[in-house]
Amino acid sequence: MASAGHIITLLLWGYLLELWTGGHTADTTHPRLRLSHKELLNLNRTSIFHSPFGFLDLHTMLLDEYQERLFVGGRDLVYSLSLERISDGYKEIHWPSTALKMEECIMKGKDAGECANYVRVLHHYNRTHLLTCGTGAFDPVCAFIRVGYHLEDPLFHLESPRSERGRGRCPFDPSSSFISTLIGSELFAGLYSDYWSRDAAIFRSMGRLAHIRTEHDDERLLKEPKFVGSYMIPDNEDRDDNKVYFFFTEKALEAENNAHAIYTRVGRLCVNDVGGQRILVNKWSTFLKARLVCSVPGMNGIDTYFDELEDVFLLPTRDHKNPVIFGLFNTTSNIFRGHAICVYHMSSIRAAFNGPYAHKEGPEYHWSVYEGKVPYPRPGSCASKVNGGRYGTTKDYPDDAIRFARSHPLMYQAIKPAHKKPILVKTDGKYNLKQIAVDRVEAEDGQYDVLFIGTDNGIVLKVITIYNQEMESMEEVILEELQIFKDPVPIISMEISSKRQQLYIGSASAVAQVRFHHCDMYGSACADCCLARDPYCAWDGISCSRYYPTGTHAKRRFRRQDVRHGNAAQQCFGQQFVGDALDKTEEHLAYGIENNSTLLECTPRSLQAKVIWFVQKGRETRKEEVKTDDRVVKMDLGLLFLRLHKSDAGTYFCQTVEHSFVHTVRKITLEVVEEEKVEDMFNKDDEEDRHHRMPCPAQSSISQGAKPWYKEFLQLIGYSNFQRVEEYCEKVWCTDRKRKKLKMSPSKWKYANPQEKKLRSKPEHYRLPRHTLDS
């Protein structure tokens with residue numbers, strides 16, 4: 001079995017790699033830009049809110065564009081933060097459990113940390129109030145928060161100190177899976193409704209309609225579910241036909257060969273469902289569910305499934321009846337770990353619910369299509385008298401229709417994604433994907449969905465996917481990797497504001513906001529901007545700036561952008577370096593000692609670019625590609641000579657290739673000093689003569705106590721005579737003949753660009769640079 005599993009693993013990995021990376025001209029599996037938490041702060045692109053009490057324990061967030069506030073529910077507290085800058089002008093409500101409740105909770109065997117009031121529900125009840133519910137030390141409670149009608153209204157307080165019971169509206173356990181949505185005055189919630197988290201159910205409470213729930217202990221409806229998301233999506237203009245969709249995972253009864261199989265489901269029920277008259281009294285009579293599939297097609301019809309839903313995002317469109325559903329999945333397989341994002345259209349979801357029902361004749365039978373007569377009205381349909389409907393309420397439904405709905409909640413057809421495959425697959429295991437938010441953007445060459453994906457280590461990935469209809473393939477382009485939080489904490493909630501172009505990100509310890517884009521980070525040239533393929537950004541003839549579609553804030557007609565292909569050569573005609581134009585690149589000077597190691601630094605801004613080194617020897621005009629071997633190694637930081645030969649002297653060109661665009665990042669002239677001459681020079685010099693003969697004082701420009709980064713590097717490669725190297729470098733720096741030449745072209749130990757020095761903090765000035773800027 002082990003060998004068979006190993007073979008399957010190899011086949012899966014090989015197929016995935018071929019499918020998702022083959023044929024790409026650029027390495028789009030890496031982000032084009034990687035920005036640290038510190039860099040985001042320095043760019044003023046992010047703002048962080050920390051609780052003044054030292055703890056937050058965030059569990060829910062609510063975005064209010066009208067009030068321009070972000071409401072945050074944590075442990076014993078509700079915060080109101082400014083959407084403009086969340087770290088400024090916050091308000092808070094302290095809402096702890098009573099001492100008696102906390103004591104009772106601890107006496108029942110719960111930890112003291114669990115016996116607090118964790119806020120799990122925040123919904124707009126009306127223009128002036130929020131509905132909020134908390135776990136209440138394992139005794140759920142609900143209340144209303146007064147927020148005021150106008151933006152200038154400073155109100156933010158609990159409407160009454162007296163709280164209502166929250167059972168069926170909020171879970172007992174702060175860590176239990178839970179979803180809810182407020183429709184009118186009715187709260188729909190999927191949760192575990194008991195103290196021990198055993199009774200999983202979907203509830204409707206509050207409002208004018210009767211309180212209602214799924215049946216107790218019926219595994220055909222829910223079997224150990226994990227609730228992920230819920231939305232009200234209308235089918236048509238008839239409000240009586242409105243339905244609520246629940247997204248969850250559960251143990252699958254129909255997976256007969258695998259008793260532990262986990263499937264993702266879409267559950268659906270009617271908003272106006274009031275249960276049956278004699279059967280399913282005060283129980284849902286319209287509840288149906290279907291399997292939601294996200295899989296990579298495989299050979300011989302064997303798919304690789306991503307069965308466990310992590311997060312779901314509903315992207316509104318101009319047609320409010322047909323939003324686009326984005327699902328973030330992971331695998332439950334023991335063979336390999338991976339994540340995928342699939343997209344679903346409402347037409348596919350409705351087709352599954354309008355299709356055949358799944359049926360099992362008995363314990364010894366297999367699941368199959370129900371081929372008998374389906375009663376009228378069709379089970380799962382809503383009660384409505386519009387267009388001649390006969391039933392005004394589900395209590396009027398015939399018993400056989402209610403009985404059929406009770407015994408056949410599962411649809412036979414699974415819901416498959418658009419293009420029959422995921423739009424994104426990640427199997428590198430670098431981090432786990434946890435949250436997703438999507439913004440739809442108009443670009444010069446079409447419409448793109450920008451995915452913001454939160455991970456379990458505080459990072460947000462900004463990604464676009466491009467479908468090639470002719471090849472039936474999907475290209476994923478990771479535009480940016482943003483380290484949102486200083487510490488690698490899981491991202492547990494995200495809210496998006498397309499209006500403000502801001503993403504609001506919640507972790508257990510802090511809340512952050514980050515702008516969608518910072519276009520000038522891509523570079524100051526047309527090619528850099530076009531190669532970025534960021535639909536938010538375009539070259540305006542002067543700089544890389546925010547792109548606006550024609551007619552909306554468009555101040556300049558000169559807009560160059562190519563998101564689909566990233567063809568900078570075509571968009572930026574005349575700027576590509578070819579032939580003798582390479583000689584226009586500014587020259588840098590580097591020295592190396594024969595038989596020692598030397599690094600020629602070159603790190604392009606884009607992590608997706610392929611680096612190629614060329615060398616020009618002596619007076620030759622011909623440039624040859626550098627051949628790497630055991631002695632000459634191409635690294636992420638540049639070209640490393642482990643043992644320098646005199647024949648290595650020459651002019652080296654560091655070129656990047658990205659989507660067929662060739663760009664010279666750096667031109668370095670390497671001079672090799674004979675080892676014997678260096679030894680002779682230092683042997684002749686004693687300490688007194690050295691001070692007399694040096695053209696300038698032998699003072700290191702490095703502050704006392706600081707360790708030059710090149711010493712650490714030399715130590716790594718085995719060179720131990722640091723003093724001689726430092727003395728030699730001091731001579732080079734202090735020679736009048738060299739000073740003038742090196743003023744604009746620093747040696748390899750200096751920064752190539754003064755801007756880079758400004759960007760670094762003082763302790764890092766003499767550390768090994770992580771990257772170099774374009775010349």
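Note: Cβ is positioned from N, Cα and C throughout, glycine not excepted.
Note: Swiss-Prot links Cys537 through a disulfide bond to Cys519 (candidates: Cys519, Cys526, Cys572).
Checking Cys270, Cys294 against Swiss-Prot, the residue bonded to Cys342 by a disulphide is Cys294. Looking at the candidates Cys115, Cys142, Swiss-Prot gives Cys142 as the cysteine bonded to Cys133 by a disulfide. The range from 368-401, 742-775 that Swiss-Prot describes as region 'Disordered' is residues 742-775. Neighbours of Cys519 (disulfide bond), defined as other CB atoms within 10 A of its CB across all chains, total 19.
Note: the CA-CA distance between Cys105 (disulfide bond) and Asn126 (N-linked glycosylation site) rounds to 33 Å.
Every protein chain shown contributes to the tally, and the Cβ of Cys294 (disulfide bond) ends up with 30 other Cβ atoms within 10 Å. The average pLDDT computed over the domain 'Sema' (32-516) stands at 94.
The local packing around Cys342 (disulfide bond), expressed as other Cβ atoms within 10 Å of its Cβ over all shown chains, amounts to 27. For Asn330 (N-linked glycosylation site), other Cβ atoms within 10 Å of its Cβ number 19. When the recorded positions Asn44, Asn330, Cys537 are compared by Cα distance to Cys654 (disulfide bond), the shortest distance belongs to Cys537.
Asn44 (N-linked glycosylation site) and Asn596 (N-linked glycosylation site) are 43 Å apart (CA-CA, integer value).
Taking each of the glycosylation sites Asn126, Asn595 in turn and counting other Cβ atoms within 10 Å of its Cβ gives the largest count for Asn595.
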